[in-house]
Amino acid sequence: MVADPPKGDPKGLAAVEPTANGAPAQDPLEDSGAAVGRCCSSRDQVRRCLRANLLVLLTVVAVVAGVALGLAVSGAGGALALGPARLIAFAFPGELLLRLLKMIILPLVVCSLVGGAASLDPSALGRLGAWALLFFLVTTLLASALGVGLALALQPGAAFAAMNASLSSTGAVEQTPSKQVLDSFLDLLRNIFPSNLVSAAFRSYSTSYEEKNFNGTLVKVPVAHEEEGMNILGLVVFAIVFGVALRKLGPEGEPLIRFFNSFNDATMVLVSWIMWYAPVGILFLVASKIVEMDDVGVLFASLGKYILCCLLGHAIHGLLVLPLIYFLFTRKNPYRFLWGILTPLAMAFGTSSSSATLPLMMKCVEERNGVAKHISRFVLPIGATVNMDGAALFQCVAAVFIAQLNRQSLDFVKIITILVTATASSVGAAGIPAGGVLTLAIILEAVSLPVSEISLILAVDWLVDRSCTIINVEGDAFGAGLLQHYVDRTEQRGSEPELTQVKSEVPLGSLPAPNEEGNPLLRHSPGAAGDAGACEKESVM
């Protein structure tokens, strides 16, 4: 029987009524307090998530705002209304970001590779390098095949063939004799072994052609010259070999190894500072590039199917092919890995440069995706130099597009030639804006297509090249993640014989029962076991 409620308590809140199973009922005040506590806890979790991913959100917002601002300024008159001086001032914040990123590329690449190569055993270094190059080669071949298949299926150049004469006449520029395939590979080998390390920091070797008159006949003559741009391939090779040499020195090389490691750590601190300026720079980089275009609508209307083919291929390769390869080998969620590198991907879209994205990519794969420093700082600089999945796919689409444009059929031999040449030439593509277009002429020459049609590709390269850069840096990151998984499995296999030997020496029956009194090392946790949430994970590196 329930007692009468006391005075001042007409609803009987002071009385505790038993429930059906005899347990006392929960106090409503305690319920409200628990609800408030859960609400505060969820707010804290949301706040921690926002704080941890603030740079990602700011970068994505900057990209969207840059597109909106560029379209708004273009609608108000664009570059003609601004004038040359105001256009330069409008693009200045983005130019400043590019200069800051390029400033730290040289010390970051050299120091990270020297330290990474010196920290690895030469045999392990060879295995890691071989696996990395194999992964990059296979993914580039897959990207090339995907590009050719999409271009043959969607026929982007067939509908555009009727408009070819008018657009080619308005957009064509004077063409210099194009580079031969053999000379391109020889230039690649020359750049691997630079004659001067100081000049390799800002120049690279290239072969150009001049037409000279010999007895009334015009002959293409190769001429060697140094072109502006860092010879990053030569610096990468030198840094790796130099790091191996320091390891061979033993104790005598330790001070120099510590110097390069400290230099690299200080450079990463600079990277973390620069990244907070990145959203501002990306906003104006994207906006200024859209403003510089004469008529974005006309370009999309005339070359829309070609753009769609390139972007669709990049989306399939970046969202399906690369994640599927990562999942098949690691059995881990690839899209969680992608979320960890979302900021570098947005940076790649804004800067359109694999090399400029390298510092932030190193920071994110180490801190957010758990890749060891010696792996990321060894694999990522190599990937930024030789892994160009996006460029290979775009070059294959462009080659098939130009063939359809000129009503030239592609037989099986020519398709294989496009695949092989695109895969090989993408290795030599510079990690700079429009680097893939520079090597497209090699593919066109290999299948006897007119190089003059590159002017059409250049008209929309400002958009396609940004998509290429995203795929390039994503492939580098997945390569580092796969190598980290390979190293982890190798270490586990190396420790298994020791564990088996220890277990066989002690019979199971002689072990004490794992209770609290007999084993003081056991401690019961009050909370439930499980992984921490993705937003609560922090780096311990």
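Quick reminder: no glycine exception, Cβ is built from N, Cα and C everywhere.
Swiss-Prot lists 1-32 (among others) with the feature region 'Disordered'.
Residues annotated as N-acetylmethionine in Swiss-Prot: MET1.
Annotated topological domain 'Cytoplasmic' per Swiss-Prot: 1-52 (among others), in sequence order. On the 0 to 100 pLDDT scale, the topological domain 'Cytoplasmic' (1-52) averages 57 in this prediction.
The annotation transmembrane segment is assigned in Swiss-Prot to 53-82 (among others) on the grounds of similarity to another entry.
According to Swiss-Prot, the feature topological domain 'Extracellular' maps to 83-95 (among others), an assignment based on a curator's inference. Tertiary neighbourhood of the topological domain 'Extracellular' (83-95): same-chain residues 73, 280-288, 291-292, 350, selected by CB-CB distance under 8 Å and a gap of 6+ residues from either end.
As annotated by Swiss-Prot, transmembrane segment applies to 96-117 (among others), with the evidence given as similarity to another entry. Cβ atoms under 8 Å from those of the transmembrane segment (96-117) belong to residues 125, 201, 230, 232, 235-236, 239-244, 246-247, 257, 260-261, 263-264, 267-268, 270-271, 274, 277-278, 280-282, 285, 350-351, 353, 355-359, 362, 373-375, 377-378, 380-381 of the same chain, restricted to positions at least 6 beyond its ends.
Each residue in the topological domain 'Cytoplasmic' (118-131) gets a DSSP state, and the totals come to 12 helix, 0 strand, 2 coil. Look at Swiss-Prot and you will find 118-131 (among others) tagged as topological domain 'Cytoplasmic', backed by a curator's inference.
Annotation source Swiss-Prot lists transmembrane segment at 132-154 (among others).
Marked as topological domain 'Extracellular' by Swiss-Prot: 155-225 (among others).
What Swiss-Prot records for ASN164 (among others) is N-linked glycosylation site.
Reduced to three states, the DSSP call for ASN215 (N-linked glycosylation site) is coil. Counting only same-chain residues six or more apart in sequence, none has a Cβ lying under 8 angstroms from the Cβ of ASN215 (N-linked glycosylation site). The annotation N-linked glycosylation site is assigned in Swiss-Prot to ASN215 (among others) on the grounds of sequence analysis.
For the transmembrane segment (226-249), same-chain residues at least 6 beyond its ends with a Cβ under 8 Å from one of its own Cβ atoms are 105-106, 109-110, 113-120, 122, 125, 129, 188, 191-194, 197, 199-206, 256-257, 260, 355, 378, 381-382, 384-386, 428, 430-432. What Swiss-Prot records for 226-249 (among others) is transmembrane segment.
Residues or ranges marked as topological domain 'Cytoplasmic' in Swiss-Prot: 250-258 (among others). Here the topological domain 'Cytoplasmic' (250-258) has, by DSSP, the following mix of helix, strand and coil residues: 9 helix, 0 strand, 0 coil.
Annotation comment: Swiss-Prot describes 259-286 (among others) as transmembrane segment, evidence class similarity to another entry.
For 287-307 (among others), the entry in Swiss-Prot reads topological domain 'Extracellular', with the evidence type a curator's inference.
Look at Swiss-Prot and you will find 308-329 (among others) tagged as transmembrane segment, backed by similarity to another entry.
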ASN472 (Na(+) 1 binding site), Cβ-centred 10 Å count of other Cβ atoms over all protein chains shown, is 30
Count the CB pairs under 8 A between the transmembrane segment (132-154) and each of 53-82, 375-401, 462-483, then give me the winner. 375-401
Tally every other Cβ atom lying within 10 Å of the Cβ atom of ASN387 (Na(+) 1 binding site). 31
Per DSSP (helix/strand/coil reduction), ASN387 (Na(+) 1 binding site) sits in coil
Using Cβ atoms and a strict cutoff of less than 8 Å, what residues sit near the transmembrane segment (375-401) while being 6 or more residues removed from its termini? 108-109, 112-113, 115-117, 120, 125, 128-129, 132-133, 136, 139-140, 142-148, 150-152, 156-157, 160, 232-233, 236, 239-240, 264, 306, 309-310, 313-314, 317, 322, 354-355, 357-358, 361-362, 365-366, 410, 418-419, 422-423, 425-427, 429, 431, 435-436, 439-440, 443-444, 447, 449, 457, 464-465, 467-473, 475-477, 479-480, 483-484, 487
Restricting to CB pairs under 8 Å, which listed stretch, 53-82, 259-286, 308-329, is in contact most with the transmembrane segment (462-483)? 308-329
